[in-house]
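A.B. asks: After the structure tokens below, expect a handful of questions from me.
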Amino acid sequence: MTIRYPNGKRYNQASQPQKTPIKTHTYSNRGMSLEEELNETNQYYLTHNIACVHKKPTPLQIVKVDYPARSAAVVKEAYFKQPSTTDYNGVYKGKYIDFEAKETKNKTSFPLQNFHLHQIEHMKQVVAHNGIAFVIIKFTLFDEFYLLDAKHIIAFWNRQNTGGRKSITKEEIEEHGSLLSCGYHPRIDYIRVLDMVYFS
């Protein structure tokens, strides 16, 4: 039997999109990207009226678009309109917060080449205006997360520029940063550390 849509188009069973399975969450969610984990955490904070933090959109200039079907558009070429600053920003307890999320597979250090000068300058500006700026670093091999204040990132960046190390050792991150606790909800509880570091 042939089934047709109201517009006369033939129904094709194979062309129907497959239902994506519902994600099941384990306690550790190993394999999840840091961005996914933070987005999930921020959604929890927003839903429970704890904080309002969002991922910043990346501004793109679309140059070329193909229309393989009348109702579909495929972007073929796009460029960044401007250099991005940091990944996330928002408000917590009346204070502006702004942070970058980075992950590394290195066991002993975090390479500073993962940062760009405009990101460092942006963090300096946030701090100069009494905002809270920091970086969340994930060591993927250990499934460990650290919150490191912008003043330390800036100091390590300056050290690199004066002939010093081009990375931050894990020991330095452990010394100057705060280990973030992980759980089910919120996944990465960075607000608890903000309370201890900035609001105590």
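Cβ atoms here come from the backbone N, Cα and C positions, even for glycine.
Note that the structure is predicted; figures quoted are calculated from it, not measured.
Sharing the features that Swiss-Prot gives for it:
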BINDING   Thr85, Asp87, Glu100, Gln119  Mg(2+) binding site
COMPBIAS  10-25  compositional bias 'Polar residues'
REGION    1-25  region 'Disordered'
SITE      Lys102  site 'Transition state stabilizer'
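Help me see these features in their spatial surroundings.
C.D. replies: In the three-state DSSP assignment, the secondary structure recorded for Thr85 (Mg(2+) binding site) is coil.
There are 18 other Cβ atoms within 10 Å of the Cβ belonging to Lys102 (site 'Transition state stabilizer').
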A.B. asks: Calculate the distance in Å between the alpha carbons (Cα) of Gln119 (Mg(2+) binding site) and Lys102 (site 'Transition state stabilizer'), and round it to a whole number.
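C.D. replies: Just about 12 Å between their Cα atoms.
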A.B. asks: Among the binding-site residues Asp87, Glu100, which residue has the fewest other Cβ atoms within 10 Å of its own Cβ?
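C.D. replies: Checked Asp87, Glu100; of these binding-site residues, fewest Cβ neighbours within 10 Å: Asp87.
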A.B. asks: Of Thr85, Gln119, the binding-site residues given in the record, which has the fewest other CB atoms within 10 A of its CB?
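C.D. replies: Thr85, out of the binding-site residues Thr85, Gln119, has the fewest neighbouring Cβ atoms within 10 Å.
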A.B. asks: Would you list, in sequence order, the residues of this chain other than Thr85, Asp87, Glu100, Gln119 that have their CB within 8 A of the centroid of the site's CB atoms, where the site is the one recorded for Mg(2+)?
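C.D. replies: Same chain, not in Thr85, Asp87, Glu100, Gln119, Cβ within 8 Å: Lys56, Ser84, Thr86, Asp98, Phe99, His122, Met123.
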